[in-house]
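Features of the protein shown, as given by TrEMBL:
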type     : residues  : note
TRANSMEM : C:12-33   : transmembrane segment
TRANSMEM : C:39-60   : transmembrane segment
TRANSMEM : C:81-106  : transmembrane segment
TRANSMEM : C:112-133 : transmembrane segment
TRANSMEM : C:145-165 : transmembrane segment
TRANSMEM : C:185-208 : transmembrane segment
TRANSMEM : C:220-238 : transmembrane segment
TRANSMEM : C:274-296 : transmembrane segment
TRANSMEM : C:308-330 : transmembrane segment
TRANSMEM : C:336-358 : transmembrane segment
Amino acid sequence: MKHKRGLICILILTLLFTSGCWDKIELEQRVFITAMLIDLNEEDKENKPIGSTGAFNDDMPEKLKITFGMANPSKIQEGENAFLIRSVTSVNATKAVEKLATMTSRVPFYGQLRLVILTERLVRNKETFKEILDHIERDAVINSLAKVVIFTGNPEEAFEIDPKLEILNSVYVTGIMDNSKITSETTDMTLTELLSSIRNNDGLAAVPLLEVRPQDGRGFEINRLALIKDYSLLDYLDTRYVRTYKIMNRKFKNGKKVINYKGLEIPFVIYTMNREIWLEEGGDNLKYRVKVEVEGDIKEYSFEENLFETNTLKDIQQKIQESIKMELQESTRYFQNVIGADYLGFGDYTNKYHNSVYKKYKENWDESFKKAEISYDVKADIRRIGPSKK
Amino acid sequence: MKIHRRKRDNEVLHEQKFESATTISEIIDDNISKVKNAFMDSNDVVFREFNIGGPEGHRMFLSYIDGMADKILLNDFVLMPLMLKAREVKPDLEDIRNSLIDATKNSAMAVTDFKEVDQIEDALLAIMAGETALFIDGYNKAIIIATRLWPARNTSEPSAETVIRGPRDGFVETIRFNTALVRRRIRDTRFKVKQIRVGTRSKTDIAIMYIDDIVDKRVLQKVEEKIKSINIDAVLDSGYVQQFIEEKQFTPFPQIQTTERPDVVAGAVYEGRVAIIVDNSPFALIVPTTLNAFFQSAEDYYSRSSITTFVRFLRLMVGTLSLVAPSLYIALTSYHPGIIPNKLILSIAATREGIPFPAFIEAIIMELTLEFLREAGVRLPRPIGSTIGIVGGIVIGQAAVSAGIVSPIMVVVVAITAISSFAIPNYEVATSFRLIRFILMILGAIYGLYGVVLGCMATLIHLVNLKSFGTPYLAPMAPFSMEDMKDTFILKLPWKYLKKRPIHLDPEDVLRQGGGEDDSK
Amino acid sequence: MTPNDDKISSIQLGVFIYNTILGVGILTLPASLAKEVEAGAWVLAILSGLVNIIFIYFMCKVGEKYSEYGFAGALRRQFGKVFGTILAIPVLVYFVVFTAIVLRIFAETIKLYLLSNTPLEFIIFPLIILAIVLARTGVEPSARFFESVTPLIILILVFLMFVALPKSDFTNLRPVFSVSPVKYITGLKSGAFAYSGYEILLIIFPFLRKPEKAFKVSSIALIIITLFYTIIVMETLAKFGSRETASLIYPTVNLIKASEIPGGFIERLEGLLMALWVIFVFTTVVSTMYGASVIGGDILNQKEKKHIVSIFLPLIYILSLTGESVVELFKMSDTLTIYLGTYTIIIVPIIMFIASLLDRKGGKKGEA
C-alpha cells in the first residue's frame, strides 16, 4: 500500500513536470521593463476613423504611443547599450505590451518596473489618462511601488539623456526622486500614491514634474509639480511653492531654508517638521489656524563672527520664523488665488476632523477654499550650530 | 520456494537445539565430549584438561575461546592456584574430595566474578561470550569465570558529534564499557540496565537503560515488547534494532535518536527517555525522540543560554535554508523574478545569459554533483577525503562556471545548501532533508513558490503524523506545551529555569529541581 | 506518550478556531467594510468581531450540553430523528459549499498574482488532495498541524503589520462617524461573516478533552483575530484612504504590494506573502472539510469519518470550478453567507439553544 502511494505520487509529479510548468519562463528569456513612457499618439488620429467595426484591432485608433525602456542584463556590466528602447503605438497599454512582444526576442516582464513617465499631452487628455490609471491599478503584476512622473518636453528626448552616474536612465530619475528625502524642492510619488490620491480626492493630485534641464539640456531635473485636477493637467507649480506643498502635506522630511540675516545668507537645515491645523468656528468663511514647528541646524555663518550666543540665535530664530511664515502665506495666497484648488490638505483635514462642517461646504469646496482665511504660526528652533563657535 | 524450505529447516534445527538442552552431568567425560562436540572444527576454542593435586588427583576441564578470554588471569589466578598452589599443602585427599567444590570456589580461585550454571547450553553461550567454563569431575554444575577480554578500541571522541565544550568520551564497540560510561554519570540505584539477548545466532546483548521512577512505563513496556519480538539470526549494529522498533520505516525521518555520546544518553535518561545500547555498536539509541532533539547538540546544555538560543535560531534558519534554498532559487528565477531586488535580478540575469540549461536542470546538476562529492568524500581515506572536498568544491564549481554549464549564482546557492546541511547537528536528519530538497525542487519547477509551499506543507503533514513511541514527532510545538518552550527549537533558558523535565515525554517524576529525595539517605 | 483517542486539548481548540477563521476573509475584508462605512471600517471590524462572540456563546452552550452526541446527534435528540436530520443537512451543504468557495477564491488570487497561466484545476487539485490527506488523519493530527504552522502564521501577520506601516497616513482613519449609525448595523451583516469559520464549533465538541473550556478559548481566538483584522483594516485605510480601499477587490494584497522592506533584500513582497498565504487557506479548507465529513458521517450513521472525507473530494472539486467569472463567484459567496451562513451561524445555534433550555433531562448519555 505504502509503496503504491509513493509510486503514484512520483508518477503524478513526473506527469506534471513534463506537461506542466505553465508559468515557467527562464530568467534569460525575460526582458525587464524598467521604465515606460506613455504618450499620446497624435499622428494616428486623422488616419483612422474613430468608430471601427470592431472586427480587427488595427481598425481601432492607435491613440497611445508607449516607449518601453528595458534593461539589457548582459550589457549592464559593461555599461554601454544597457538600456534598450522600443516605441510602440497602440490602442491601449495592455495591447502595447503584446505588441512589444512581437518586436523583441524575449518575454516582456512588468514586475521590475521602476518608473512610469506620463507625458504632458497624455495628462491633458482626461479620458486617456483615466484609461492609463485603470491599467496601472488593474494589472496585478505591475510594480505598484514604481515611481511616477509627468514629463514636459519632447518625449523623444527622455531616453536620450545620458544617465550620468547611473547605468540606466530609470535609475537616474528614481534616484533624483529619492532625494526628496533630503531636499525641500524635489518630490516623490509612487503609483500607489498617485492612485489613492486621485481616487480619494476626486481627481486631484500633484505629481512630480520631470524636465530636461533648461540650462544645458543634458540632464534631468525634478523640482516642480504638475497639478492634476479632475483627471487632467491643470497647471505647473513653480519650485518656489513646492516647499509649502510639502510642508502642508506632511511630505517634508529634510531640507534647507536660506534666510537673510544682517546681510548674510544663512542656510538653516530643517530635519524635523510638524504641522497642525485648527479650524476656527464663526464667520461666513472657514477660518484656519496652522501651526508649523521646525527644528534644525545652522550650517553656515560668517568667519570670526560669534554664533555661540543665545541672543544671536534667538534673533536668527526669529528671522527664520518670519521668513517661513511669509513663504507659507505667500504660497497659500498663490494656491488660493492663482491655482484655485486645494492642494494643501485643508479639505482633507476638514473632512477628517470636522466632518459636519465639511459636508456643508463639500459641494463647492474649491470656492470655499479660495475664500478661507488661513493664518500661520511658525515656530523654529535652532538645535545645533556645528562644531565651531566663531 | 527454496528459501522458504530452508527457513523451515532452520526452524527445525533451532527447535532441536532447544530440546536437546541438557543438564551438566556429574561424569566429566560426558561434559567434555559434549563441549568438544559442540565446538567441533572450531580451532579457536581451547580445551584444557588437568588434574589437581597430582596426576591421580581430581580431574578438571576448562574451555574458552582464544582471543576473547584473559589468559593471564586464567594462568595466574585459576590454573596456578588449582594446579600448583594446591600441591603446597599436604593433600588430605579424603578431606579435599569432600569439600573440593567449596575449596575450589572459595579458597583456590582468586577471581572476583564467577557464577554457576547447570545447563550445558548456558556454559556454551558463556564460552562464546568470552567467559571460561570450568567443569569439575563429580560436580553437576559448571563454573563460569568472567574472563572476557578482547582487543577493544579505546574510547575516543565521537567524530560525528564533536563539541567544543563538553566531555570528549564516546561509546565503543563493547557493551559493558558503554553501560559503564553511562553508569558513571548516573549514581542512582533507580537507574536500571536491563539486558536482553537478541539474535538467534548472534546472541547479541542489548541493554535497555532508564531511570525507574522517571521513565514513562508505557514507553518502557513498548520498547521491551518490540525488542523481544525481534526474530532475526544476527544483530550486527544498533541500526538493525532501530529499523525493527521504528513505527514507520519508509519515512526519511528517523524516529529514534542515535548518539555516540554517553553524556547525551545520560541526559536523555535523566529526562525520562529510554536508551538502548547494542553490543558491537558504538551508537546508542534514544527513544522517544522528537524532531526538536535532532536540532540540539550536547553542547547546548553546557554553554551559556543566550549563546545557545542564538545558535539554535541559526540552526533553525540553516535547516530551513538547506531544505528550500535550491527550490527557492528555481521558483524565484523562473517564476517570480519580481520578488528579487532589481539590481540583483539584473546581475543574476546577466550571469544566466548563455547558460544552456533551465534553472531546474542547472540546480539538479549542481545538487547531484554535491551529493556525489559528499558520498565520495565519505568513502575515500580520510586524508584524501578532505582533498576531494576542496578539489570538488572549488575546481569543479569554477570549471563548471567557466565552461558555461552553470551560473555562478547557482554555485553560491549550492554552497550555501551544502554548508547549511552540515550545520544541522544530526547527520540523519540532514540526510532526510537532502532527500526532501529534491522533491521540493521538482515542485518548485512545476508550480513556483506555490509548489515549494505545497511541498513544505506535505512534509509538515507527514511530520505531524509521525510518532516516536507515542510521543508526537513535533512535540513540544505540536501539541503545544508552554512549559517545554523553555528548551526547544529556538529558546533555551539557563538551567536554573528548567525546573521541570520535558512534559511532552510524560515523565512520572516531573520535577528536575526541588523534587526527588536524595537516594543515598 | 499522548493517548490515542483523537481528542484535542483546549489550546488546540483555540488554534483550530483561529486557523479556521483566518482564511480568504482577510483579503477582501477591508474593501467590504469600507464600502459600508467608509473610514469607520476599522470600528466596524471591531464591532463585527465582538458580535460573533454571542454566537460562539450559543454554540458552546449547546455543544457542552450535548458533547457526547455531536451536532447531528444533538439535533436528532432535540427534534426527533427525521426532523433533526433535515435540520442538519443545510449545515452540511454549507460546509461543503464554503470549502468550495474558499478554494475557488484562493485559486483565483493565486492565478491573479502568482501563476497566471496555470489552469485553475491544477491550482486547486493539489491543495484539495493535501487537505484530504490531512483531514483523513483525524482532528487531533490536524490540530497538531495547525499548531505547528501557527507560529509561522503569526510571524507573517506581524511582519505584514510592520512592513505596511511606513508611508501610511493614519489620519485616514477619520472621520469615524461620517455615515449614520444605522449603516453600522447593516454593515455588521457583511462584516460579521468575514469572521465565519468558527461554526466548526458546532461539530467539534465530541472531540474535546475539556468541553467546558471551549467558550473561553474560542472567544480568545476570535478576539485575537479581531485584533489582527482591525489592524489590517486600519493599515489598509491608512495606506489607501477609504475610497480607494472600497474600490479594490483584494485590498490586503494591494497593501502588501504597496509595502516595501527597508534595506530591500526582497523587492516585492506580494509574491512571497501570497505563497505563504496558501497555509492560511489550507487550514480553513481542512477544518471545514473535516466539519462536513463529521456531519456527513453522523447523518449516515457512519463511524469511520476517514472515508466520508474522500467522498467529498469530487464534489468539492467540481463545485469549486463552477461559477463563470470572478464577479459571479463573489455573488455566489454573498448568497452563501446570506442564506446558508445565516442559517448555520445564527439560526441553528439559537434554536438549539432554546431547545436545550427546554430539554430538562440534559445531554447525559445514561438517560438516552
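In case you wondered, yes, glycine gets a Cβ from its N, Cα and C as well.
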Should anything in the same chain at least six residues away from the transmembrane segment (C:336-358) have a Cβ under 8 Å from its Cβ atoms, list it; otherwise answer none. 55, 58-59, 61-62, 65-66, 74-75, 78-79, 87, 90-91, 93-94, 97-98, 101, 190, 193, 196, 199, 202
How about the transmembrane segment (C:220-238) and the transmembrane segment (C:81-106): at least 3 CB pairs under 8 Å, pairs 6 or more apart in sequence, or not? no
Test of understanding: applying the rule of at least three C-beta pairs under 8 Å (pairs 6 or more apart in sequence), is the transmembrane segment (C:274-296) touching the transmembrane segment (C:112-133)? yes
Using a Cβ distance cut-off of under 8 Å, indicate which of C:39-60, C:81-106, C:145-165, C:185-208, C:308-330 has the most pairs with the transmembrane segment (C:274-296). C:81-106
Sequence-distant residues near the transmembrane segment (C:39-60) by C-beta distance (under 8 Å, 6 or more away from its ends) are 29-30, 33, 172-179, 184, 187-188, 191-192, 194-195, 198-199, 201-202, 214-215, 218-219, 222-223, 225-226, 229-230, 233-234, 237, 241-242, 245, 345-346, 349-350, 352-353
For the transmembrane segment (C:185-208), distant same-chain residues with Cβ under 8 A (at least six beyond the ends): 6-8, 10, 13, 16-17, 20-23, 25-26, 28-29, 32-33, 36-37, 44-45, 47-49, 51-52, 55-56, 59-60, 63-64, 66-71, 91, 94, 98, 139-140, 214, 218, 221-222, 225-226, 229, 284, 287-288, 290-291, 294-295, 334, 337, 341, 344-345, 348-349
Contact set, same chain, for the transmembrane segment (C:145-165): CB under 8 Å, 6 or more residues outside the stretch: 11-12, 15-16, 18-19, 22, 134, 228, 231-232, 235, 239, 255-256, 258-261, 269, 273, 276-277, 279-280, 283, 286-287
Any residues 6+ beyond the ends of the transmembrane segment (C:308-330) with a Cβ under 8 Å from its own? 96-97, 99-101, 103-105, 107-108, 120-121, 124-125, 128-129, 132, 135-136, 249, 289-290, 292-294, 296-297, 300, 302
